[in-house]
Amino acid sequence: MEGHTHNLNSMMFSPCGKRIVSASHDMTVRLWDARTGESLFVLVGHTSCVICVKFSPDGRELVSVSLDGTIRFWDSETGEAGVVLRPSFDEVHSVAYSPDGRWVASGHKTGAIHLWSTATKEPGHSLRGHTDTVTSIAFSPDGQWIASSSEDQTVQLWDASTGILMSILNAHRKDVYDVVFSPDGSQLASGGVDRKVRLWDVRSCLSSVEVQGQINHVLRMGYSLDGQTILSHGGSDSSIYLWDLQSKTPRIKLQGHRAITISLSYSPCGQWLVSGSEDKTARLW
């Protein structure tokens, strides 16, 4: 899968698993056929690098965010541009749909998180607790919680219905780049510059288990469907690691990219994963 002219910052399978969306430093979003690797649409509109892109839960819509300060919605079937939100002059670094598709959460350079109605595109709660760039946002599978990671070195857990900050998880000692919920929602995984993947019990928010052996800082992660394996990749290493959560050791190491791997995603069926790299290519595994 080649077509972007710069780094691939974000990649995701569609809920049906038939398409892949990618976002790049070249200011574009692209849709691909997951089976053939053929480029289907090039979505143009952002005026700076696109940091994150996500499919809606029903697969009909895309949302992308950029350093240009906009949040853009797209029709994933036709590639047509939809509503453009310009919440401020603040760079937008992360975005996530709620599981029911009713809300989008955007994470900003100032540390703010804003919720937006997908039906009306009107603002909802603003979540304020981080003091630096919000690097990743995740809704729990049941939609009850929002987790966020930040360059302020914390992971924060929020009540999604009220926007109230419930807990600050501060075991990391450097910038945290990603946070993901396990498939059953009972666990959080976080990773960042301190080269650690930490596992948190969502109910207690007290216990932290450290996955040993990460060679480089962690940019992106993902859980397997059974919740027993964590996918991760690091900064100066182009390799991708699959960690066994029982033994806390790497089970598989995937090598093929010629430069740093900076984005990845599991397919909905759990059989495939896609990765994007600074070598300007995406690979299916």
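Quick reminder: no glycine exception, Cβ is built from N, Cα and C everywhere.
Across the repeat 'WD' (1-42), the DSSP tally of helix, strand and coil residues reads 0 helix, 23 strand, 19 coil. According to TrEMBL, the feature repeat 'WD' maps to 1-42 (among others).
Taken from TrEMBL, the feature repeat 'WD' applies to 43-84 (among others). Only residues 6 or more beyond the boundaries of the repeat 'WD' (43-84), in the same chain, are considered here, and those with a CB under 8 A from a CB of the stretch are 6, 9-10, 12-16, 19, 21-31, 90-97, 99-101, 104, 106, 116, 118, 121.
Nonlocal intrachain contacts for the repeat 'WD' (85-126), taken as residues 6+ away from its ends with a CB within less than 8 angstroms of a stretch CB, comprise 51-58, 61, 63-73, 132-143, 146, 148, 150, 152, 158, 160, 162-163. Taken from TrEMBL, the feature repeat 'WD' covers 85-126 (among others).
On the 0 to 100 pLDDT scale, the model's mean across the repeat 'WD' (127-168) is 97. Among the features that TrEMBL reports, repeat 'WD' is placed at 127-168 (among others).
Under the heading repeat 'WD', TrEMBL lists 169-204 (among others).
Among the features that TrEMBL reports, repeat 'WD' is placed at 211-253 (among others).
When DSSP labels each residue, the repeat 'WD' (254-285) comes out as 0 helix, 16 strand, 16 coil, counted as helix, strand and coil in that order. What TrEMBL lists as repeat 'WD' is 254-285 (among others).
For the repeat 'WD' (85-126), the DSSP-based tally of helix, strand and coil residues reads 0 helix, 23 strand, 19 coil.
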